[in-house]
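S.K.: Below are the structure tokens for one structure; questions will follow.
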Amino acid sequence: MNIWQKKSIISWLLFPFSCLFWLISQIRWYLFRKNWLKSYRSPVPVLIIGNISVGGNGKTPLVVWLVEQLQARQINVGVISRGYGGKTTQFPQLVDAQSQAEMVGDEPVLIVQRTGVPLAISPNRKQSIELLLSRFPLDLIISDDGLQHYALQRNIEWVVIDGERRFGNGFLLPAGSLRELPSRLTSVQAVICNGGTANIGEHFMKLDATFAQNLLTGEQRPLSHFTQACVAMAGIGYPPRFFNMLRRLGLQLTQTYSFADHQAFNAVQLATLASHETPLLMTEKDAVKCRHFAQANWWYVPVNATFSAESTTYLMTEILKYLGKSNE
């Protein structure tokens, strides 16, 4: 939301509610810390990838990157997710590559299709962990989101921030976009800066894209081949990031369409966005919800998180050290 980027009359009017939000959050955190509210400790280490603000900071590409890094090092890893946007009421539930995004959520399906990682969804993180451990011998569990879910004890915390938007106007919800104050970053094990400019102590993450894949045929085509005018759509937390990336890569976008994060789509809704001669580009997260009614001119653009060699070594060494393994 644009009103969260700068201080305005509206944000100042909402500021008292932000103070109330902060007070309730602090009381809740204190109750968990004193064990007056019960929390669950997993038998295996838990690494949480979360954020202190709302709205599309890039957690999913980071989860995919981390899973692939751990799998390459022979670490048995599982992922738990809330399953936002899914309609299912059956919890906990394992997600596989054939799961319907409309039922279990778009992000879990994307993560499983990219990595094949064991993944369970439930609003109750304990249920998800117990289901995974009953089926798979795991060394580590990654929680996709859940930084503020203090009912789950954690061993490692990573926070992703948007390097361009940073902390917006600096206010907590609802006057701003923050769930917690920036001072929270001093207590986490790693701060990941997605795009923009990383501050000292932050690990810069870049999202790279090189090709588009046709939803209907599976054909892969380098983005440099899209020399004609294109239309782009995105139903993610911050759609401008996707559109700006395509423009930086040299694509000519005649029209862009922004949808709500986790929004469900149908054929009628999307059929009129682009003519049959014009490519319609979308995110991979949107594609998992559109494949069963895709048209011939629909393409999705996978993105991959990349880090410097130094950041990769540091991040992986810290995890492997915790697991009692070497980073070779």
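Going from the start of the chain as shown, residues are counted 1 onward.
Quick reminder: no glycine exception, Cβ is built from N, Cα and C everywhere.
Pulled these features from Swiss-Prot for this protein:
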BINDING   Ser53, Val54, Gly55, Gly56, Asn57, Gly58, Lys59, Thr60  ATP binding site
S.K.: Between Asn57, Lys59, which of the binding-site residues has its C-beta surrounded by the fewest other C-beta atoms within 10 Å?
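M.R.: If we count Cβ atoms within 10 Å for the binding-site residues Asn57, Lys59, the smallest count is at Lys59.
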S.K.: Just jot down the residues in the same chain as Gly56 (ATP binding site), at least 6 apart in sequence, with C-beta under 8 A of its C-beta; none if empty.
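M.R.: Sequence-distant Cβ neighbours: Asp162, Ile236, Gly237, Tyr238, Pro239, Arg241, Asp261.
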S.K.: Neighbourhood of the ATP site (Ser53, Val54, Gly55, Gly56, Asn57, Gly58, Lys59, Thr60): other residues with Cβ within 8 Å of the Cβ centroid, in order?
M.R.: Asn51, Val160, Asp162, Gly237, Tyr238
S.K.: Which of Gly55, Gly58 (the binding-site residues) has the most other Cβ atoms within 10 Å?
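M.R.: The most densely surrounded of these binding-site residues is Gly58.
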S.K.: Once the DSSP letters are reduced so that anything not helix or strand counts as coil, what is Ser53 (ATP binding site)?
M.R.: strand
S.K.: Take the Cβ of Val54 (ATP binding site) and count every other Cβ within 10 Å, whichever protein chain it belongs to.
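M.R.: Summing over all protein chains shown, Val54 (ATP binding site) has 16 other Cβ atoms within 10 Å.
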S.K.: Quiz question: given the binding-site residues Ser53, Thr60, which has the greatest number of C-beta atoms lying within 10 angstroms of its own C-beta?
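M.R.: The most densely surrounded of these binding-site residues is Thr60.
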